[in-house]
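Notes follow the structure.
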Amino acid sequence: MLSEGGVPQRPVVFVSRPELVNQVRKKLYLLQKDTGGWVTVFGMAGSGKSVLAAEAVRDHSLIEECFPNGVHWLSIGQLDKADLLVKIQSLCFRLEQSLDSPSHQRVASSLDEAKERLRFLMLRRYPRSLLILDDVWESSVLKVFDIHCRILLTTRNRSLADSVSGPKYEVEVESGLDDKKALEILALYTKLNQNGLPEEARSIVRECKGSPLVVSLIGALLKDKPNRWGYYLRQLQQKQFKRIRKSSSYDYDALDQAMAASIEVLPDEHRELYKDLTVLEKDVKIPAKVLCVLWDLEPEEVEDILQEFVNKSLLFVDGNSKPHLYYLHDLQLDFLVEQNREQIESLHSKVVRQYQHHYREAPPTSGDEECFYWIRFLTYHMAKGNLSQELYSLMFSLDWVSLKARIMGPAHLINDYVEHGPILDKENSEVRSQFQEFLSLSGHHLEQRPFPDVVQLALSQPRSSEVYRQARQQALNRANGGKLYFELINKSGVENLSRLVIHPHLGSIYSACFSHDGSKIAACGASKTLKVFKSTSGEKLIELQAHDEEVLCCAFSPDDHLLATCSSDKKVKVWNILQGKLLRVFAEEHDEQVNHCEFTNTTQRLLLATCSNDSGLNVKLWNLNKPTSQNTMFGHFEPVNHCCFSPDDRYLATSSNDGTVKLFQVSTANEWKTIDVKSFFSESDEEEVLVKCSTWTADGTRIICAARNAVLVFDVQTSDMLLEIKTHRLSTVQYCHACPTSNLLALAFSNYAVELWDLEENKKRADCSGHLSWVQRVQFSCDGSQLLSCSDDQTVRLWETEKVHTSSAICLKRDSDVLFNGEEIIVSASDNCNRLQVRDGRTGSVLFQSEEMPFRIRCTCMCRNPSVVSLGQEDGNVQVLELPSGKLLATLPGHTKTVLHCQFCQDGETLVTSSEDTTIRVWKWRSGECKVLQGHKEQVRCFSLLGESTNELKLLSWSFDGTVKVWDVESGEKLQDIAAHQGAILSCHVSPDRCLFATTSADKTAKLWSCESWQCAFTLRGHQECVRSCRFSWDSKRFATGDDNGEIRIWSVKDGSLLKVCSQESKDGMDSLHGGWVTDLHFSPNNSLLVSTGGYIKWWNVARGEALQTFYPTGSALKKIHVSPDFSTFVTIDNIGILYVLKRVA
């Protein structure tokens, strides 16, 4: 278990420290009684904290009793946010892969998102586990792990845990080893009895100042040269090696002398090889094969050299892994970097040149540790070696994206574009942005196994994108060799609604706001800066280094002369924005990070409100003319996330992690009332209710609160809940803001979305898509004409409210019909406003749109001659409309319940409909004449027409009642009544040669029937779930079935034998083989290919049963697919209403 969790092995020479180990174990036992807590092991660098932490968890009873869900080790060190994000992504991936049914969500692309994913995993999936964070330097890093789980951390900074919540316990490692333990190490190395050590031994231990690392270095030297006790003592005392930079947390003198002495005794050629290790990243372990490439030596020779370094304690080896992995202690790496500071660039260049020489034919793809190293760190070495051109050509290559994503997953790849962004942007910032956007949107697919075709994914990118250009070229080349690729040809139908996109900062943007006159935008975030831009062009007006830590909020004063900022550094600052000068700093009164700041709405009595993570005194009002706060509001004892004044400035609303919103009277600072938001959520749900923010309606009569995935609207006077807006189950509402001039409400989500809702009608009015990570803030301009949003994707987006309101959020329903006519593709479907739309499939342009219907449209079909479209509604009515005029030609009342299916006969004058009312109706639609086919006992979802002319037409109907009935269309007579299945019939298909028809059922079987005798020819068994769909091949020799587990089977029509099970061996990392039910199937005209729909679209080789290509829609749950006669064009609509028109690349 420890090895799986990444806990390091004991060092080669190990000295037990039972007293300290037992102290740590006692503290770990104390974590049992809490859902979360911290044990801090602190001490100076090189004092053995990591070895101590690893030893403490090597106790079977401790693991069994306290941490049966496992121990997970994470080496932290000094890292920036991007590196930290990658570490958490990798940890989450490791944790998810260990589950019985791993989930494949989109890769977390921000620290907030990664923190939420880790919180879920630790609380829900690994509640009794221990997370060990080794070598933590910064409190900001520790805050990311403040997720109510059990954590052991090693650090040099004792006060680090003060910044996080929960029970805390400490163990001090005073100064490393005492003299007795240090002498024991020397005795173990030199194989002498402790009492037999020479008198210089004690002096050496004194000079080593208790550092186990330094003692080990000297011990390793004495092992080879046992007569040099006096020489090495003098080496330590002379302190010849001097550093350019000293660290305040560690006395390097003893280490430097020991390292210099150890390197000095190496042979000259080995000394040069050891210098090459300067380029390693901290906390990275490498296999010997990497150094075979770097040194151009045989593996056996490299292993001998490395063993020499290990024997001299110049290198450490992880024997847990196969093959063995080698690494340096942070302090050793510091020494090497210091010693070789002038040569670092050339050393990195050497690594890249050696790689390029060794892998000149093709990059490594084996997936072993050596391959992992090169794929992960090649870009790092290029950047450090200042090899910009090599970095451009590598990272602007779709081949590299595919290779790295397949071997490492997308997390490291996305981080590369963030980390090396400044270098890449010098070459082409637009291309860098295109690759980063592609990965951000497709990252969750790149985690799936089997690994998807990156070229197919990239074909969905905009035509102007370099990613698309490369994909298109590769698709054409491969299509010539018979490979299948499909291009989305209706891309132009997707409108980009954001008016302006600004990239103001490197790092997440936590807050952005309009000035009151709407001419400026201020933004702040992880970069610690405050920037102000023109709202018309995005031109930067001001940039200020605002705080020492992340800036969490910014706000304009009502006259736009001042800007307030607040930060994780616990300070509140007020700036004169006209002069770019700092006016005020309020630094003393908040003891924790300040989350939000806001001015009053008028200058009549200008006040600034702030709220923080303080445990009690967490809401304050400031008069800018006074050095201290004017008032403190009491009432919340958990962090307060947000505060805002009512439109008339009489009240201040505060939103807190305690699950409440409190309203305070501004004049007295007294609490007026509390709205207990958490009481409106289910008590059975253990998850905390954190109120993220609140906003007032323009008239001040209602207050709107965001918590979890819901928005609740309350009456201010009565505290009654008036309205609840429930949103996406798997995302949280990060922020909400009510429009000052209308009933619109803007919402920001963790699933990258921005939505507009109408508060009067409780309807979503718009989707504003474009952000690639969590949206942190939304705000309307004062006149309501504009909306801004800011995100962890480092952008601020501006939207025109009216344009978004009227043109977005138009999504289509999945019940659709398509006409193919040469190159022309016509699609009819209802939209989410319950209007019938007829669109040009190629351009997305609307050819016809009906008025909003009073009852939901449930089915539609088109006729080419005459050019008409019919629709069936939930009230049972059927309408026929002329195209493209939309003129109503006929209204056909008759069905008493929802119309489920409609179809024109070949003459265009006869229309057949089926309904939930169990009947089928055959209409002469121009006259309204109707025949009713009655006999089914349950709803008739569909039917098939048999025959060419209306006079000889037969109709095959099937129902949830398990029966199939055959009708004479002309007379309405029932010709056959077949009790086909025990369960509901889910699909039916007639063979092209009209000899057989097939039925599939919820009873998990499919049956083939003779159209002559109407008897069952074969019963096909083998599916483990409901058989949802079926289709005969065009030559009527094969028959395909699809079930609710995503499995597709291909059968012989001749004898009913099973020919192939499609994709049985390669489950797609989801609950289903197909991402959902298999809902539709179609063979190609030559019967060699099969297309299927489920959660996505798949194309199969019929003879081999192998998947040839997969297209992943944005949504899922595809209902049907329309296929052109030549099998080159495919049309479908997903569950979020996006229309896809796919054309085979040829």
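Glycine too: its Cβ is placed from the backbone N, Cα and C atoms.
Note that the structure is predicted; figures quoted are calculated from it, not measured.
Here is what TrEMBL says about this protein:
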DOMAIN    20-189  domain 'NB-ARC'
DOMAIN    269-336  domain 'Apoptotic protease-activating factor 1 winged-helix'
DOMAIN    345-476  domain 'APAF-1 helical'
REPEAT    544-585  repeat 'WD'
REPEAT    633-674  repeat 'WD'
REPEAT    768-809  repeat 'WD'
REPEAT    892-933  repeat 'WD'
REPEAT    933-977  repeat 'WD'
REPEAT    978-1019  repeat 'WD'
REPEAT    1020-1061  repeat 'WD'
The repeat 'WD' (933-977) - residue tally per DSSP class, helix then strand then coil: 3 helix, 21 strand, 21 coil
Three-state composition of the repeat 'WD' (544-585), taking helix and strand from DSSP: 0 helix, 24 strand, 18 coil
Per-region confidence, the repeat 'WD' (1020-1061) (mean pLDDT, whole number): 96
Surrounding residues of the repeat 'WD' (978-1019) on its own chain - C-beta under 8 Å, 6+ positions past either end: 938, 942, 944, 946, 956, 958-966, 1025-1032, 1034-1036, 1039, 1041, 1043, 1051, 1053, 1055-1056
Helix, strand and coil totals (DSSP H, G, I; E, B; other) for the repeat 'WD' (978-1019): 0 helix, 23 strand, 19 coil
Long-range environment of the repeat 'WD' (892-933) - Cβ separation under 8 angstroms, sequence gap at least 6: 858-866, 868, 870-880, 939-943, 945, 948-950, 953, 955, 957, 959, 965, 967, 969, 972, 974
DSSP-assigned states of the repeat 'WD' (768-809) in counts, ordered helix, strand, coil: 7 helix, 18 strand, 17 coil
